[in-house]
Every structure is written in structure tokens, then in C-alpha cells.
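Here TrEMBL flags His171 as active site, proton donor/acceptor. The active site, acyl-thioester intermediate feature in TrEMBL is assigned to Cys233. According to TrEMBL, the transmembrane segment annotation covers 20-40, 270-290.
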Amino acid sequence: MTHSPERTRRPSADGRRWRVPVFALVIALIALTGLGIWTYPSAAAWFSQLDQSRIIGDSASVAEPDRGEDAEQLELAHEYNDALQSGAQLESNHRLPSGSGTASNGAPAYDEVLDDGSTGVMTRLRIQSIKLDLPVYHGTSDETLLKGLGHLEGTSLPVGGEDTHSVITGHRGLADATMFTHLDKVTKGDMFTLTTFGQVLAYQVVRTQVVEPDETESLQPVIGKDLVTLVTCTPLGINSQRILITAERVFPTPAADLESGTAEPDLPGFPWWIVIMAAGLIAAGIYVWWSGRPVRLTSSGGARH
């Protein structure tokens, strides 16, 4: 009688061994590999958010709201916005919009405004409804959008004020980071905050829409309004259209939003993916143990069941 290949353990005191079929080990290995592939996005996003939260915590412009230089930076930002001839384009065949606004002579240089000199964080965007808490950087280069969100150069800096319209962009559907993946779940009436050099501004969503790449009218300033639009691509993996989430300033900033905007980051939260992986390992171990069977060694060294 022949048997499939098996792994054996050392004989016990009564001369028994525990044999595990190789087939059971292969099944367990395949199951664990599949579980690892399934939990990888969650694990990668967890570590990415952990890094984002560390950056927010280390950013002087967010973590130290009472610094003396904050007022100077905010004043420069308002000067920039006043000088800006604003406009933005969502170009065809491009994943993200590009700015077309220009500032008049004598206005502060874009890269020198709202620069904390350390982490490079311009502002902090927090959307409680989708558990988003991310740093925003200058520009929308690929390098920038792989490490966080980007402010669209050519639109108003995110410091508030009448006749301003700031545009913040981000990737969606990255394998190793969440970014704006859940932006499509934001609905009219939702609130979000921008914490910019000690100043917390609250915005309420007034419009959500999906547009074609060349529909840029919604990114233009509106007289008397203080607006922010969040932009990302859709559908996932195709990126042929744009999601626009437009919000209007709530003034004065509600006390709860003031507290939330300056609070320490509370994301990524508990790593449930570790629990899932641990449960998978335990289940695989139990399956392998259950698949085995004890055998007694004969005097000739063979096995007897």
C-alpha cells in the first residue's frame, strides 16, 4: 500500500509520530498567500496613513498653531490671492487638472508662500465623514501626489476670503494608499476643515458632480464666495472623468471644527488587518494539525497506522 508524501515529527515516548500530508501543507500555504494578497491593500494603506499622520504631527504649520510667523505667511498668501488672475484647466487625457492662473508682478512667488521650511505641508485637509486626514503640498506633480494631496497652482491659496476658489487634487485607487479613493462617498451637506498655519477654516459641501475633463467652469471663482473644490478621477482604473466636490466657507468656524482641525491625528486607527492575518494563521495551523494523523513505528522502522 502506497501513501502520498508526508512530513513527520519526531517520535514521542510511546513510539508514535505525527504525519502531515504534503497536500495539506500546500492547501494551507495557498490559503495564506491568498489572505496576504487580500489584506495587502489594507495593510499598505494603514502604514501610509500612519506616515501621513506623522508628517501632520511634525508639521510646524499644523502642530504649532501659535507661532509668530504664521501671521506673516497668511498675509503673504492673501497678497498672492489678491494678485492672482485665477483660472484652472482640466485637460483632456490628463488624470489631474493643471492651473492656468497667473499672479501679477510683485506678488509673492508661489513656492515661497505657505512654506513651513520643514515638511513642506501647506495645509491639512480633514473630512470626518470619510475618515480622511491628509497633508496638502504645493503643486500637483506625480511625486507630490504619491506622498499626499496637491494644491492646484493657479487657483487661490487655501486661506479663505471673498472671491477665492482653491482647488485641491489627489489620486484615487492607489494600491498602497487611500488618498482620495473614497471621495465619491462625500455628499452634499458634509463638512471638512483646512488647517493652514494656525488658521482653521470650515467648509460645507454644496455641490458634487462628475464632469468631463474639459469642463472647467466649476473651478472658476464666484464673486462674493469663498470656495474650495476637491478633485479626483473616476471611474477607478479608467480615469476618463473627474469628480468635483465643491464646498463653501462656513463662518465663523464652528467650535467643534476648530477643535478637530487642531487635534492630533487619530488615524489610521486599529490595524484590523493584523487580526485577520493572525486568525488566518491560526486557522491554517489548525487545518494542518487536523489533517495529520499519528502512526506507530514498527520494530523494522516502518510505520503502522
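Placed from the backbone N, Cα and C atoms, the Cβ positions cover glycine too.
Here the Cβ of Cys233 (active site, acyl-thioester intermediate) has 24 other Cβ atoms within 10 Å, regardless of which shown protein chain they belong to. In the three-state DSSP reading, His171 (active site, proton donor/acceptor) counts as coil.
The distance from the Cα of His171 (active site, proton donor/acceptor) to the Cα of the residue listed as 'active site, acyl-thioester intermediate' comes to 7 Å.
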